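Some notes on the structure that comes next.
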Amino acid sequence: MDVRICLLLFLISNPSSCIQETYNEESCSTVTRGYKSVLRTGWYTNVFNLEIGNVENITCNDGPSLIDTELVLTKNALRELKTVSADQVAKESRLSSPRRRRFVLGAIALGVATAAAVTAGVALAKTIRLEGEVKAIKNALRNTNEAVSTLGNGVRVLATAVNDLKEFISKKLTPAINQNKCNIADIKMAISFGQNNRRFLNVVRQFSDSAGITSAVSLDLMTDDELVRAINRMPTSSGQISLMLNNRAMVRRKGFGILIGVYDGTVVYMVQLPIFGVIETPCWRVVAAPLCRKEKGNYACILREDQGWYCTNAGSTAYYPNKDDCEVRDDYVFCDTAAGINVALEVEQCNYNISTSKYPCKVSTGRHPVSMVALTPLGGLVSCYESVSCSIGSNKVGIIKQLGKGCTHIPNNEADTITIDNTVYQLSKVVGEQRTIKGAPVVNNFNPILFPEDQFNVALDQVFESIDRSQDLIDKSNDLLGADAKSKAGIAIAIVVLVILGIFFLLAVIYYCSRVRKTKPKHDYPATTGHSSMAYVS
(Lines of atoms letter the chains of each structure in order from A and count residues from 1; the text may use other names and numbers.)
(Lines give C-alpha, C1' and ligand atoms only; values in the text may rest on other atoms or scores of the structure.)
Protein backbone atom coordinates (compact mmCIF):
# COMPACT_ATOMS: atom_id res chain seq x y z
CA MET A 1 0.00 0.00 0.00
CA ASP A 2 2.80 2.43 0.92
CA VAL A 3 4.60 1.65 -2.34
CA ARG A 4 1.47 2.46 -4.33
CA ILE A 5 1.13 5.77 -2.51
CA CYS A 6 4.71 6.73 -3.39
CA LEU A 7 4.16 5.69 -7.02
CA LEU A 8 1.01 7.81 -7.18
CA LEU A 9 2.89 10.80 -5.77
CA PHE A 10 5.60 10.30 -8.35
CA LEU A 11 3.11 10.30 -11.20
CA ILE A 12 1.32 13.40 -9.91
CA SER A 13 4.18 15.67 -8.89
CA ASN A 14 7.18 13.83 -10.37
CA PRO A 15 9.31 13.90 -7.25
CA SER A 16 12.74 12.35 -7.40
CA SER A 17 12.12 10.35 -4.24
CA CYS A 18 9.47 9.37 -1.74
CA ILE A 19 9.64 10.48 1.89
CA GLN A 20 10.29 7.53 4.21
CA GLU A 21 10.04 7.67 8.00
CA THR A 22 11.52 4.90 10.14
CA TYR A 23 10.60 4.56 13.81
CA ASN A 24 13.18 2.91 16.08
CA GLU A 25 11.57 1.37 19.17
CA GLU A 26 14.94 0.93 20.87
CA SER A 27 15.67 4.67 21.12
CA CYS A 28 12.22 6.31 20.73
CA SER A 29 13.37 8.15 17.62
CA THR A 30 12.54 8.55 13.95
CA VAL A 31 14.70 9.04 10.87
CA THR A 32 12.96 10.64 7.89
CA ARG A 33 14.68 10.30 4.53
CA GLY A 34 14.02 11.25 0.93
CA TYR A 35 14.94 14.95 1.09
CA LYS A 36 17.36 16.74 -1.23
CA SER A 37 19.81 19.40 -0.12
CA VAL A 38 19.98 23.03 -1.14
CA LEU A 39 23.05 24.33 0.71
CA ARG A 40 24.22 27.93 0.92
CA THR A 41 27.82 28.21 -0.20
CA GLY A 42 28.26 31.98 -0.45
CA TRP A 43 26.71 35.47 -0.50
CA TYR A 44 25.82 37.75 -3.38
CA THR A 45 26.06 41.46 -2.55
CA ASN A 46 23.67 44.08 -3.91
CA VAL A 47 24.14 47.79 -3.17
CA PHE A 48 21.08 50.02 -3.56
CA ASN A 49 21.09 53.78 -4.06
CA LEU A 50 17.61 54.92 -3.08
CA GLU A 51 17.53 58.52 -4.28
CA ILE A 52 15.21 61.03 -2.61
CA GLY A 53 16.48 64.25 -4.13
CA ASN A 54 16.42 67.74 -2.66
CA VAL A 55 13.30 67.15 -0.58
CA GLU A 56 14.63 68.97 2.50
CA ASN A 57 14.58 72.31 0.69
CA ILE A 58 10.91 72.02 -0.27
CA THR A 59 8.61 73.89 2.13
CA CYS A 60 4.90 74.56 2.31
CA ASN A 61 3.81 77.96 3.63
CA ASP A 62 0.16 77.95 2.59
CA GLY A 63 -1.33 75.93 5.42
CA PRO A 64 -2.05 72.25 6.01
CA SER A 65 -2.48 70.00 2.99
CA LEU A 66 -1.95 66.42 1.87
CA ILE A 67 1.28 67.43 0.14
CA ASP A 68 2.53 69.14 3.28
CA THR A 69 1.74 66.05 5.38
CA GLU A 70 3.65 63.80 2.99
CA LEU A 71 6.60 66.20 2.94
CA VAL A 72 6.77 66.21 6.74
CA LEU A 73 6.74 62.39 6.77
CA THR A 74 9.57 62.29 4.23
CA LYS A 75 11.76 64.81 6.06
CA ASN A 76 11.21 63.13 9.44
CA ALA A 77 12.02 59.72 7.95
CA LEU A 78 15.22 61.07 6.41
CA ARG A 79 16.34 62.55 9.73
CA GLU A 80 15.50 59.30 11.52
CA LEU A 81 17.51 57.28 9.01
CA LYS A 82 20.53 59.55 9.53
CA THR A 83 20.28 58.88 13.26
CA VAL A 84 20.01 55.12 12.71
CA SER A 85 23.01 55.29 10.37
CA ALA A 86 25.10 57.13 12.96
CA ASP A 87 24.14 54.60 15.65
CA GLN A 88 24.98 51.76 13.27
CA VAL A 89 28.46 53.17 12.61
CA ALA A 90 29.02 53.50 16.36
CA LYS A 91 28.02 49.86 16.89
CA GLU A 92 30.24 48.64 14.08
CA SER A 93 33.20 50.54 15.52
CA ARG A 94 32.81 48.47 18.68
CA LEU A 95 32.90 45.13 16.87
CA SER A 96 36.53 44.65 17.88
CA SER A 97 35.78 45.49 21.52
CA PRO A 98 34.63 43.04 24.24
CA ARG A 99 31.06 44.01 23.33
CA ARG A 100 31.40 42.46 19.89
CA ARG A 101 29.69 39.24 20.86
CA ARG A 102 26.70 41.09 22.28
CA PHE A 103 26.24 43.04 19.05
CA VAL A 104 26.48 39.97 16.85
CA LEU A 105 24.15 37.95 19.08
CA GLY A 106 21.70 40.85 18.99
CA ALA A 107 21.67 40.66 15.22
CA ILE A 108 21.14 36.90 15.33
CA ALA A 109 18.24 37.38 17.76
CA LEU A 110 16.49 39.21 14.94
CA GLY A 111 16.83 36.10 12.81
CA VAL A 112 19.78 37.33 10.74
CA ALA A 113 21.84 34.51 9.20
CA THR A 114 24.78 33.46 11.39
CA ALA A 115 27.38 35.27 13.45
CA ALA A 116 29.96 34.77 10.71
CA ALA A 117 27.60 36.14 8.07
CA VAL A 118 26.74 39.21 10.13
CA THR A 119 30.39 39.93 10.92
CA ALA A 120 31.42 39.54 7.27
CA GLY A 121 28.47 41.64 6.12
CA VAL A 122 29.29 44.44 8.55
CA ALA A 123 32.95 44.41 7.45
CA LEU A 124 31.85 44.76 3.82
CA ALA A 125 29.43 47.54 4.76
CA LYS A 126 32.30 49.45 6.39
CA THR A 127 34.23 49.17 3.13
CA ILE A 128 31.32 50.39 1.02
CA ARG A 129 30.79 53.28 3.43
CA LEU A 130 34.19 54.75 2.51
CA GLU A 131 33.82 57.99 0.56
CA GLY A 132 35.75 56.68 -2.44
CA GLU A 133 33.62 53.54 -2.68
CA VAL A 134 30.34 55.49 -2.51
CA LYS A 135 31.52 57.77 -5.31
CA ALA A 136 32.64 54.79 -7.40
CA ILE A 137 29.23 53.16 -7.06
CA LYS A 138 27.46 56.42 -7.98
CA ASN A 139 29.71 56.83 -11.02
CA ALA A 140 28.91 53.29 -12.13
CA LEU A 141 25.20 54.20 -12.01
CA ARG A 142 25.55 57.54 -13.78
CA ASN A 143 24.22 56.29 -17.12
CA THR A 144 22.34 53.18 -16.04
CA ASN A 145 20.11 51.93 -13.26
CA GLU A 146 22.08 48.73 -12.74
CA ALA A 147 25.79 47.96 -12.99
CA VAL A 148 28.44 45.66 -11.56
CA SER A 149 30.97 47.65 -9.53
CA THR A 150 34.29 46.41 -8.18
CA LEU A 151 35.25 47.70 -4.73
CA GLY A 152 38.77 48.64 -3.75
CA ASN A 153 39.24 45.29 -1.99
CA GLY A 154 38.38 43.39 -5.17
CA VAL A 155 34.84 42.42 -4.18
CA ARG A 156 32.34 42.72 -7.02
CA VAL A 157 28.88 44.00 -6.12
CA LEU A 158 25.72 44.60 -8.11
CA ALA A 159 24.77 48.29 -7.80
CA THR A 160 21.16 49.36 -8.40
CA ALA A 161 19.79 52.90 -8.58
CA VAL A 162 16.21 53.47 -7.42
CA ASN A 163 15.33 56.98 -8.58
CA ASP A 164 11.53 56.88 -8.96
CA LEU A 165 11.00 59.17 -5.95
CA LYS A 166 13.71 61.61 -7.01
CA GLU A 167 12.33 61.80 -10.55
CA PHE A 168 8.81 62.45 -9.26
CA ILE A 169 9.92 65.14 -6.82
CA SER A 170 12.16 66.99 -9.28
CA LYS A 171 10.05 66.71 -12.42
CA LYS A 172 6.47 66.74 -11.15
CA LEU A 173 6.09 67.74 -7.51
CA THR A 174 8.49 70.70 -7.36
CA PRO A 175 7.15 72.43 -10.52
CA ALA A 176 3.59 71.92 -9.31
CA ILE A 177 4.36 73.42 -5.90
CA ASN A 178 6.21 76.37 -7.46
CA GLN A 179 3.19 77.07 -9.63
CA ASN A 180 0.30 76.37 -7.28
CA LYS A 181 1.90 76.12 -3.83
CA CYS A 182 1.25 73.00 -1.70
CA ASN A 183 -2.52 73.26 -1.64
CA ILE A 184 -2.83 71.61 -5.03
CA ALA A 185 -6.40 71.09 -6.12
CA ASP A 186 -5.49 67.98 -8.12
CA ILE A 187 -5.76 65.10 -5.60
CA LYS A 188 -3.93 62.83 -8.02
CA MET A 189 -0.65 64.65 -7.29
CA ALA A 190 -0.92 63.94 -3.57
CA ILE A 191 -1.77 60.28 -4.23
CA SER A 192 1.17 59.92 -6.63
CA PHE A 193 3.50 61.45 -4.05
CA GLY A 194 2.35 58.92 -1.46
CA GLN A 195 2.76 56.00 -3.87
CA ASN A 196 6.28 57.02 -4.89
CA ASN A 197 7.17 57.73 -1.28
CA ARG A 198 5.93 54.41 0.11
CA ARG A 199 9.08 52.40 -0.62
CA PHE A 200 11.35 54.98 0.99
CA LEU A 201 9.20 55.22 4.13
CA ASN A 202 9.03 51.42 4.48
CA VAL A 203 12.80 51.08 4.06
CA VAL A 204 13.30 53.67 6.80
CA ARG A 205 10.87 51.88 9.09
CA GLN A 206 12.54 48.49 8.61
CA PHE A 207 16.06 49.76 9.27
CA SER A 208 14.84 51.82 12.21
CA ASP A 209 13.02 48.88 13.81
CA SER A 210 16.00 46.53 13.37
CA ALA A 211 18.84 48.92 14.30
CA GLY A 212 20.32 48.92 10.81
CA ILE A 213 20.29 45.17 10.08
CA THR A 214 17.11 43.57 8.76
CA SER A 215 16.20 39.94 9.40
CA ALA A 216 15.13 39.25 5.81
CA VAL A 217 14.87 40.90 2.40
CA SER A 218 11.45 42.49 2.00
CA LEU A 219 9.81 43.64 -1.22
CA ASP A 220 10.63 47.22 -0.22
CA LEU A 221 14.34 46.54 0.17
CA MET A 222 14.35 44.64 -3.11
CA THR A 223 11.46 44.28 -5.53
CA ASP A 224 10.73 40.96 -7.17
CA ASP A 225 12.07 42.17 -10.52
CA GLU A 226 15.30 43.31 -8.85
CA LEU A 227 15.59 39.95 -7.09
CA VAL A 228 15.12 38.01 -10.33
CA ARG A 229 17.81 40.05 -12.07
CA ALA A 230 20.20 39.55 -9.15
CA ILE A 231 19.66 35.78 -9.08
CA ASN A 232 20.27 35.54 -12.81
CA ARG A 233 23.63 37.30 -12.33
CA MET A 234 24.82 34.94 -9.58
CA PRO A 235 28.00 32.96 -10.34
CA THR A 236 26.43 29.50 -10.25
CA SER A 237 24.92 26.90 -12.54
CA SER A 238 21.69 27.31 -14.49
CA GLY A 239 20.08 24.49 -12.51
CA GLN A 240 20.83 26.19 -9.22
CA ILE A 241 19.63 29.55 -10.57
CA SER A 242 16.39 27.91 -11.69
CA LEU A 243 15.91 26.38 -8.24
CA MET A 244 16.44 29.76 -6.53
CA LEU A 245 14.07 31.50 -8.95
CA ASN A 246 11.41 28.94 -8.05
CA ASN A 247 12.05 29.50 -4.33
CA ARG A 248 12.42 33.27 -4.17
CA ALA A 249 10.60 33.45 -0.84
CA MET A 250 13.26 31.21 0.68
CA VAL A 251 16.04 33.36 -0.80
CA ARG A 252 14.44 36.41 0.83
CA ARG A 253 14.16 34.73 4.23
CA LYS A 254 17.78 33.57 4.20
CA GLY A 255 19.11 37.00 3.14
CA PHE A 256 19.48 40.23 5.12
CA GLY A 257 20.03 43.95 4.64
CA ILE A 258 22.55 46.37 6.19
CA LEU A 259 22.21 50.15 6.18
CA ILE A 260 25.25 51.95 4.73
CA GLY A 261 24.22 55.58 5.25
CA VAL A 262 22.63 58.74 3.81
CA TYR A 263 24.70 60.70 1.28
CA ASP A 264 23.36 63.96 -0.28
CA GLY A 265 19.77 62.88 -0.58
CA THR A 266 20.62 59.25 -1.37
CA VAL A 267 20.01 56.34 0.98
CA VAL A 268 22.62 53.62 0.42
CA TYR A 269 22.05 50.13 1.78
CA MET A 270 23.34 46.65 1.08
CA VAL A 271 21.39 43.43 0.53
CA GLN A 272 23.11 40.09 1.04
CA LEU A 273 21.48 37.22 -0.88
CA PRO A 274 22.42 33.58 -0.29
CA ILE A 275 23.97 31.62 -3.14
CA PHE A 276 22.72 28.04 -2.96
CA GLY A 277 25.55 26.16 -4.59
CA VAL A 278 25.03 22.51 -3.56
CA ILE A 279 21.81 20.76 -4.50
CA GLU A 280 20.34 17.28 -4.87
CA THR A 281 22.51 15.53 -2.23
CA PRO A 282 20.62 13.27 0.25
CA CYS A 283 19.34 14.75 3.51
CA TRP A 284 17.56 13.17 6.47
CA ARG A 285 16.11 14.34 9.76
CA VAL A 286 16.39 12.74 13.21
CA VAL A 287 13.68 13.40 15.83
CA ALA A 288 13.54 11.85 19.31
CA ALA A 289 11.52 11.92 22.52
CA PRO A 290 12.36 10.86 26.11
CA LEU A 291 12.39 7.11 26.79
CA CYS A 292 11.97 6.01 30.42
CA ARG A 293 11.87 2.88 32.57
CA LYS A 294 10.28 2.73 36.02
CA GLU A 295 11.20 0.32 38.81
CA LYS A 296 10.21 0.58 42.47
CA GLY A 297 9.33 4.25 42.11
CA ASN A 298 12.62 5.15 40.42
CA TYR A 299 13.05 6.22 36.78
CA ALA A 300 15.83 5.86 34.24
CA CYS A 301 15.32 8.17 31.22
CA ILE A 302 17.38 8.90 28.12
CA LEU A 303 16.89 11.23 25.15
CA ARG A 304 18.87 11.24 21.91
CA GLU A 305 20.76 14.51 21.56
CA ASP A 306 21.89 14.00 17.97
CA GLN A 307 18.61 15.35 16.62
CA GLY A 308 18.50 17.65 13.62
CA TRP A 309 19.19 17.64 9.91
CA TYR A 310 21.96 15.68 8.18
CA CYS A 311 23.09 16.25 4.58
CA THR A 312 25.88 14.72 2.58
CA ASN A 313 28.24 17.20 0.96
CA ALA A 314 31.43 16.46 -0.99
CA GLY A 315 31.78 12.99 0.48
CA SER A 316 31.22 14.05 4.09
CA THR A 317 28.17 14.38 6.31
CA ALA A 318 27.14 17.79 7.63
CA TYR A 319 25.03 17.96 10.80
CA TYR A 320 22.73 20.91 11.49
CA PRO A 321 21.72 20.74 15.17
CA ASN A 322 19.65 23.92 15.49
CA LYS A 323 16.02 24.17 14.48
CA ASP A 324 16.56 27.29 12.36
CA ASP A 325 19.62 25.97 10.48
CA CYS A 326 17.45 24.38 7.79
CA GLU A 327 14.06 25.00 6.26
CA VAL A 328 11.98 22.59 4.20
CA ARG A 329 10.13 23.36 0.99
CA ASP A 330 8.45 20.27 -0.45
CA ASP A 331 11.27 17.70 -0.51
CA TYR A 332 14.07 20.29 -0.63
CA VAL A 333 16.02 21.25 2.50
CA PHE A 334 17.59 24.73 2.48
CA CYS A 335 20.54 24.88 4.89
CA ASP A 336 23.40 27.24 5.67
CA THR A 337 26.74 25.48 5.29
CA ALA A 338 28.30 27.82 7.88
CA ALA A 339 25.97 26.36 10.51
CA GLY A 340 26.86 22.75 9.72
CA ILE A 341 29.18 20.48 11.69
CA ASN A 342 31.07 17.73 9.89
CA VAL A 343 30.48 14.33 11.49
CA ALA A 344 31.72 10.83 10.75
CA LEU A 345 29.76 8.58 8.42
CA GLU A 346 29.46 6.11 11.31
CA VAL A 347 26.90 8.43 12.90
CA GLU A 348 24.32 6.43 10.93
CA GLN A 349 24.86 3.51 13.34
CA CYS A 350 22.89 5.42 15.97
CA ASN A 351 19.81 5.24 13.74
CA TYR A 352 19.69 1.44 13.72
CA ASN A 353 21.01 -0.09 16.95
CA ILE A 354 22.03 2.53 19.45
CA SER A 355 22.90 0.10 22.26
CA THR A 356 25.52 -1.81 20.24
CA SER A 357 26.82 1.06 18.12
CA LYS A 358 30.58 1.60 18.20
CA TYR A 359 29.98 5.27 17.40
CA PRO A 360 29.55 7.46 20.54
CA CYS A 361 25.84 8.19 20.17
CA LYS A 362 24.98 11.31 22.16
CA VAL A 363 22.19 11.20 24.75
CA SER A 364 20.95 13.04 27.81
CA THR A 365 20.04 11.19 30.98
CA GLY A 366 17.64 11.93 33.79
CA ARG A 367 15.80 10.37 36.69
CA HIS A 368 12.62 12.39 36.23
CA PRO A 369 10.21 11.52 33.39
CA VAL A 370 9.04 14.21 30.98
CA SER A 371 5.83 13.85 28.98
CA MET A 372 5.95 15.55 25.60
CA VAL A 373 5.21 15.37 21.86
CA ALA A 374 7.95 15.57 19.24
CA LEU A 375 6.42 16.22 15.83
CA THR A 376 8.04 14.41 12.91
CA PRO A 377 7.64 15.04 9.17
CA LEU A 378 5.19 12.12 8.89
CA GLY A 379 3.65 11.99 12.37
CA GLY A 380 4.74 12.38 15.96
CA LEU A 381 6.49 10.76 18.92
CA VAL A 382 4.62 10.70 22.24
CA SER A 383 6.35 10.28 25.60
CA CYS A 384 3.64 9.72 28.20
CA TYR A 385 4.51 9.18 31.88
CA GLU A 386 3.29 9.70 35.45
CA SER A 387 -0.27 11.07 35.77
CA VAL A 388 -0.35 12.76 32.35
CA SER A 389 -3.24 11.91 30.02
CA CYS A 390 -2.26 11.21 26.40
CA SER A 391 -4.53 10.48 23.46
CA ILE A 392 -4.80 10.66 19.69
CA GLY A 393 -7.76 12.02 17.79
CA SER A 394 -9.43 12.77 14.50
CA ASN A 395 -10.54 16.18 13.28
CA LYS A 396 -13.95 14.65 12.51
CA VAL A 397 -14.77 12.43 15.51
CA GLY A 398 -12.50 13.72 18.27
CA ILE A 399 -10.55 11.35 20.54
CA ILE A 400 -9.84 7.98 18.95
CA LYS A 401 -8.02 6.25 21.80
CA GLN A 402 -6.00 6.80 24.94
CA LEU A 403 -2.29 6.07 24.84
CA GLY A 404 -0.47 3.93 27.36
CA LYS A 405 2.59 4.94 29.32
CA GLY A 406 5.90 4.96 27.51
CA CYS A 407 7.01 6.00 24.03
CA THR A 408 4.60 5.71 21.09
CA HIS A 409 5.00 6.61 17.43
CA ILE A 410 1.86 7.98 15.78
CA PRO A 411 1.89 7.99 11.94
CA ASN A 412 -0.12 10.80 10.39
CA ASN A 413 -2.25 8.30 8.47
CA GLU A 414 -3.63 6.96 11.76
CA ALA A 415 -4.58 10.22 13.48
CA ASP A 416 -4.94 13.95 12.94
CA THR A 417 -4.05 15.18 16.43
CA ILE A 418 -2.11 14.22 19.54
CA THR A 419 -3.29 15.53 22.91
CA ILE A 420 -1.28 15.71 26.15
CA ASP A 421 -3.51 16.92 28.97
CA ASN A 422 -5.04 20.08 27.46
CA THR A 423 -2.46 20.70 24.72
CA VAL A 424 -3.37 19.60 21.19
CA TYR A 425 -0.75 19.01 18.47
CA GLN A 426 -1.79 18.90 14.81
CA LEU A 427 0.03 16.32 12.68
CA SER A 428 1.32 17.11 9.19
CA LYS A 429 -0.39 15.73 6.11
CA VAL A 430 2.77 14.90 4.20
CA VAL A 431 2.32 11.52 2.55
CA GLY A 432 5.09 8.96 2.69
CA GLU A 433 6.18 5.49 3.67
CA GLN A 434 6.18 4.39 7.33
CA ARG A 435 8.52 1.77 8.75
CA THR A 436 9.35 0.42 12.21
CA ILE A 437 12.56 -1.12 13.55
CA LYS A 438 11.52 -3.47 16.35
CA GLY A 439 13.62 -3.78 19.46
CA ALA A 440 13.59 -3.64 23.24
CA PRO A 441 13.98 -0.12 24.66
CA VAL A 442 17.60 0.59 25.50
CA VAL A 443 16.57 1.77 28.98
CA ASN A 444 15.67 -1.83 29.83
CA ASN A 445 19.42 -2.37 30.19
CA PHE A 446 19.56 0.14 33.04
CA ASN A 447 18.75 -0.24 36.72
CA PRO A 448 16.92 2.97 37.75
CA ILE A 449 18.48 2.76 41.20
CA LEU A 450 21.98 2.84 39.70
CA PHE A 451 21.12 5.34 36.95
CA PRO A 452 23.25 8.53 36.95
CA GLU A 453 21.88 11.95 37.73
CA ASP A 454 20.99 14.42 34.96
CA GLN A 455 23.68 14.54 32.27
CA PHE A 456 23.57 16.42 28.97
CA ASN A 457 25.05 15.38 25.64
CA VAL A 458 27.11 12.43 26.80
CA ALA A 459 28.03 9.29 24.87
CA LEU A 460 25.77 6.32 25.56
CA ASP A 461 28.74 4.07 26.35
CA GLN A 462 29.69 6.53 29.11
CA VAL A 463 26.25 5.95 30.64
CA PHE A 464 26.89 2.19 30.62
CA GLU A 465 30.32 2.75 32.19
CA SER A 466 28.82 5.01 34.86
CA ILE A 467 26.27 2.36 35.77
CA ASP A 468 28.96 -0.35 35.82
CA ARG A 469 31.05 1.79 38.18
CA SER A 470 28.03 2.26 40.43
CA GLN A 471 27.42 -1.49 40.45
CA ASP A 472 31.09 -2.17 41.28
CA LEU A 473 30.91 0.26 44.19
CA ILE A 474 27.78 -1.42 45.48
CA ASP A 475 29.36 -4.88 45.12
CA LYS A 476 32.49 -3.77 47.00
CA SER A 477 30.34 -2.18 49.67
CA ASN A 478 28.36 -5.40 50.02
CA ASP A 479 31.60 -7.39 50.26
CA LEU A 480 32.89 -5.10 52.98
CA LEU A 481 29.60 -5.29 54.81
CA GLY A 482 29.65 -9.10 54.48
CA ALA A 483 33.20 -9.33 55.78
CA ASP A 484 32.37 -6.99 58.64
CA ALA A 485 29.30 -9.01 59.48
CA LYS A 486 31.33 -12.24 59.46
CA SER A 487 33.96 -10.64 61.70
CA LYS A 488 31.35 -9.45 64.14
CA ALA A 489 29.72 -12.87 64.13
CA GLY A 490 33.08 -14.54 64.94
CA ILE A 491 33.69 -12.19 67.82
CA ALA A 492 30.21 -12.82 69.16
CA ILE A 493 30.70 -16.60 68.98
CA ALA A 494 34.05 -16.32 70.75
CA ILE A 495 32.49 -14.25 73.50
CA VAL A 496 29.65 -16.76 73.90
CA VAL A 497 32.13 -19.64 74.08
CA LEU A 498 34.22 -17.79 76.67
CA VAL A 499 31.12 -17.04 78.71
CA ILE A 500 30.03 -20.66 78.55
CA LEU A 501 33.52 -21.84 79.51
CA GLY A 502 33.53 -19.36 82.36
CA ILE A 503 30.20 -20.66 83.58
CA PHE A 504 31.42 -24.25 83.37
CA PHE A 505 34.58 -23.31 85.26
CA LEU A 506 32.57 -21.58 87.94
CA LEU A 507 30.25 -24.55 88.29
CA ALA A 508 33.25 -26.86 88.52
CA VAL A 509 34.75 -24.79 91.31
CA ILE A 510 31.49 -24.78 93.20
CA TYR A 511 31.10 -28.52 92.76
CA TYR A 512 34.66 -29.16 93.91
CA CYS A 513 34.25 -27.06 96.98
CA SER A 514 31.04 -28.82 97.95
CA ARG A 515 32.68 -32.24 97.60
CA VAL A 516 35.63 -31.21 99.75
CA ARG A 517 33.31 -30.02 102.43
CA LYS A 518 31.46 -33.27 102.59
CA THR A 519 34.62 -35.43 102.94
CA LYS A 520 36.48 -33.35 105.65
CA PRO A 521 36.87 -35.27 109.22
CA LYS A 522 35.17 -33.86 112.38
CA HIS A 523 37.41 -32.98 115.53
CA ASP A 524 34.91 -33.28 118.67
CA TYR A 525 35.83 -33.42 122.35
CA PRO A 526 36.20 -37.01 123.95
CA ALA A 527 33.23 -38.38 125.83
CA THR A 528 33.39 -38.51 129.72
CA THR A 529 32.61 -41.58 132.00
CA GLY A 530 30.80 -39.71 134.74
CA HIS A 531 33.38 -40.64 137.45
CA SER A 532 35.50 -38.13 139.27
CA SER A 533 39.13 -38.82 140.34
CA MET A 534 39.80 -38.37 144.02
CA ALA A 535 43.52 -38.53 143.81
CA TYR A 536 45.55 -35.75 145.22
CA VAL A 537 48.81 -34.86 143.84
CA SER A 538 51.16 -33.01 146.08
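For all residues, glycine too, the Cβ spot is worked out from N, Cα and C.
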| Of the candidates Cys301, Cys311, the one sharing a disulfide with Cys292 in Swiss-Prot | Cys301
| query | Choosing among Cys335, Cys361, which residue does Swiss-Prot name as bonded to Cys350 by a disulfide? | reply | Cys361
| said: Roughly how many Å lie between the Cα atoms of Asn57 (N-linked glycosylation site) and Asn353 (N-linked glycosylation site), rounded to a whole value? | reply: 74
| field | Segment confidence, the topological domain 'Cytoplasmic' (511-538), expressed as mean pLDDT | value | 57
| message | Is it possible to get the count of other C-beta atoms within 10 angstroms of the C-beta of Asn57 (N-linked glycosylation site)? | response | 8
| query | Does DSSP put Asn57 (N-linked glycosylation site) in a helix, in a strand, or in coil? | reply | helix
| task | Measuring CB to CB from Asn353 (N-linked glycosylation site), give everything in the same chain under 8 Å that is also at least six residues away in sequence. | result | Glu26, Gly439
